[in-house]
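**Q** Please see the structure below; I have some questions.
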Amino acid sequence: MKIVTVNDYDEMSKFAAKIIASQIILKENSVLGLATGGTPLGMYKELINLYNKENLNFSKVQTFNLDEYYGVSDDNPQSYHYYMKNNFFKFTNIKNENINILDGTTSDIENECKSYDNKILSSGGIDIQVLGIGENGHIGFNEPDINFEAKTHLVKLDEKTIEANSRFFNSKNEVPTSALSMGIKTIMQSKKILLLANGEKKAEAIFKMVNGKISPEVPASILQLHNDTTIIIDKAAAKML
């Protein structure tokens, strides 16, 4: 586990974008695992800058998103389909057929999840998986006490996660209570993992992930066992290390 401490959010975002860009330059048909939420927004903005100013080419890149709210349609502004399109995809030359995001409106959850895992495998596996971390130590929507052997599945969202995500909605009551998410096993099969965190609110989760015992109570602690994980955090998130 490599830890990179930077000064602030902007530096974190640019550092992460450079790692992603280097991967794409090295392998033009790279497979990227992508995350949503507030943390990676700056990274996406910087990748768009690299596309516009340095001709970073996304035309052969494949992407798989970590998760999607269950019961939320693609065109809903709160969906992660909408987030990815409007914060990243539509500003690059990535091809629609290379974009993979779980279907939150599926009537066959088991098949949707199984097909997603199979498509990741058939693509050759994820080259770099981008992660954030929740205040409760979740990665993706893998909440505390998750089964480390779980693949992509339906999860019930933790109360802390619902509270944290309520800032994106008009009220807490509008936040979905479940989601489809890559499982820990799916995430751990990624060749490289890039975890981003900023702010003092994430400091305790970062400490437990890095220095705590490996336990389902802190899902991110499993990353101690991954052989190529880079943690990029600002000084505030690193304050307990």
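Glycine too: its Cβ is placed from the backbone N, Cα and C atoms.
Given the structure is predicted, the values throughout are model-derived calculations rather than measurements.
Pasting the relevant annotations from Swiss-Prot:
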ACT_SITE  ASP67  active site, proton acceptor
ACT_SITE  ASN136  active site, for ring-opening step
ACT_SITE  HIS138  active site, proton acceptor
ACT_SITE  GLU143  active site, for ring-opening step
**Q** Given a separation of at least six residues and a C-beta threshold under 8 Å, show me what packs close to ASP67 (active site, proton acceptor) in the same chain.
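**A** In sequence order, the residues whose Cβ lies under 8 Å from that of ASP67 (active site, proton acceptor) (at least 6 apart) are THR36, TYR80, LEU102, GLY140, PHE141, ALA179, LEU180, SER181, MET182.
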**Q** Report the same-chain neighbours of ASN136 (active site, for ring-opening step): residues 6+ apart in sequence with Cβ closer than 8 Å to its Cβ, ordered by sequence.
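**A** For ASN136 (active site, for ring-opening step), the qualifying residues are GLU143, PRO144, ASP158, LYS160, THR161, ALA205.
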**Q** Which of the three DSSP-derived classes (helix, strand, coil) applies to ASP67 (active site, proton acceptor)?
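**A** Its secondary structure by DSSP: strand.
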**Q** Can you tell me how many other Cβ atoms are located within 10 Å of the Cβ belonging to GLU143 (active site, for ring-opening step)?
**A** 22
**Q** Give the sequence-ordered list of residues that share a chain with HIS138 (active site, proton acceptor), lie 6 or more positions from it, and have CB atoms under 8 Å from its CB.
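**A** Non-local contacts for HIS138 (active site, proton acceptor): PRO144, ILE146, ASP158, THR161, PRO219, ALA220.
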